Amino acid sequence: MEFTFLGTSAGTPTRSRNVTGLALCLSGPKPWYLVDCGEGTQHQLMRTRYSVMQLRAMFITHIHGDHIFGLPGLLTSASMLGRTEPLDIIAPPQVRRFIDAVIENSDSSLSYPLNFINSEAPDFYWQDDHLGVTNVALSHRVPCRAYVFTERNLERQLQKEKLVADGIEPGPQWGDLQKGKDVLLDDGRLLRSNDYTHIPRTARKIIVGGDNDTPELLKDACQGTHVLIHEATYTQDVADRVGPWPQHSSAQQVARFAQATKLPNLVLTHFSSRYQSAPGGSPHINQLAAEALQHYKGQLFLARDFDTYRLEKDFQLHKVDHN
């Protein structure tokens with residue numbers, strides 16, 4: 001599984017950071033999935049290997065502008081490029097009204113259908129051939145969700161000795177069983193894939209959080225999770241000065257939660273625009289990492305725009321470079 005940060009700034013962009021967007025794929029950029037779509041996301045995508053033509057679904061965490069203002073431009077650009085495949089948009093109900101209003105009032109149209117799915121439905125679950133997705137309600141000024149991505153249809157290994165012992169010679173049936181399909185033989189026997197195959201590894205699981213001032217809400221979902229991507233808008237001293245109203249997390253809060261939950265990998269993002277990246281800048285973005293490292297002993301990453309990370313099948317997380 002790979003994910004690329006298209007924007008890591010909170011609220012407003014900076015010279016080096018766009019507002020929120022994240023591209024996720026399983027084994028390559030076809031298909032891929034987008035989590036949030038702040039202003040300028042489609043322009044950020046032009047600097048990556050992802051194409052709007054292969055976008056399978058969008059997952060919107062909440063309705064604040066730094067997470068949705070890029071939607072109309074991206075959707076209409078896909079139409080101008082000739083997209084015809086339907087696109088799933090998993091989002092709060094207001095997002096549909098927002099998109100409809102912009103399309104109607106800008107004399108725009110789409111060449112493909114949008115399938116809106118209410119992210120706030122109590123029984124929410126989405127899946128395709130590659131991923132199953134649930135979500136968790138967070139604590140923010142408006143309803144907000146974290147999305148839990150778990151891979152599906154893991155590769156199976158044939159139990160060849162058992163097949164041979166049961167008189168089933170190598171042939172097309174073996175391939176079907178390995179694909180998870182049950183097979184009906186000419187002699188009337190039904191071969192069940194689960195009886196002749198096994199899955200040798202555990203599914204990879206990633207959580208992508210929206211805005212949230214209470215990381216503990218993710219405690220249950222984090223069981224068995226290999227990567228948590230969570231906002232760290234402030235250092236704790238800034239959070240104390242700002243007060244509770246914005247309902248964001250500090251690096252300290254998230255790090256303490258990740259340590260208590262024994263998360264192996266933590267990636268922080270959504271940094272206040274006050275934090276600078278240039279050498280000598282103050283306050284500097286490295287202060288967020290320094291604060292988190294005081295409380296978290298797992299593998300910590302501070303996301304930057306266009307950083308790409310790969311979660312391997314052995315659950316090791318590392319940065320990759322596709323250039």
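Glycine residues also receive a Cβ, built from the backbone N, Cα and C atoms like all the rest.
Taking the Cβ of Asp66 (active site, proton acceptor) as reference, residues of its chain lying under 8 Å away and at least six apart in sequence are, in sequence order, Ser9, Ala10, Gly11, Thr12, Val19, Thr20, Gly38, Glu39. Marked as active site, proton acceptor by Swiss-Prot: Asp66.
DSSP assigns Asp211 (Zn(2+) 1 binding site) to coil in the three-state reduction, outside any helix or strand. In sequence order, Thr61, His62, His64, His67, Leu138, His140, Cys144, Glu231, Thr233, Gln247, His248, His270 constitute the residues six or more apart from Asp211 (Zn(2+) 1 binding site) in its chain with CB-CB distances below 8 Å. For His62, His64, His140, Asp211, the entry in Swiss-Prot reads Zn(2+) 1 binding site.
The 10 Å shell around the Cβ of His270 (Zn(2+) 2 binding site) contains 27 further Cβ atoms across the protein chains shown. According to Swiss-Prot, the Zn(2+) 2 binding site annotation covers Asp66, His67, Asp211, His270, on the basis of sequence analysis.
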DSSP-derived structure type at His67 (Zn(2+) 2 binding site), helix or strand or else coil: helix
Least Cβ-crowded entry, counting other Cβ within 10 Å, from the binding-site residues listed as His62, His140: His140
Surrounding CB atoms that lie within 10 Å of the CB of His67 (Zn(2+) 2 binding site), all protein chains: 27
Shell list (Zn(2+) 2; ref centroid = CB of Asp66, His67, Asp211, His270; cutoff 8 A): Ala10, Gly11, Val19, Thr20, Asp36, Gly38, Thr61, His62, His64, Gly210, Glu231
Other CB atoms within 10 A, centred on His64 (Zn(2+) 1 binding site): 20
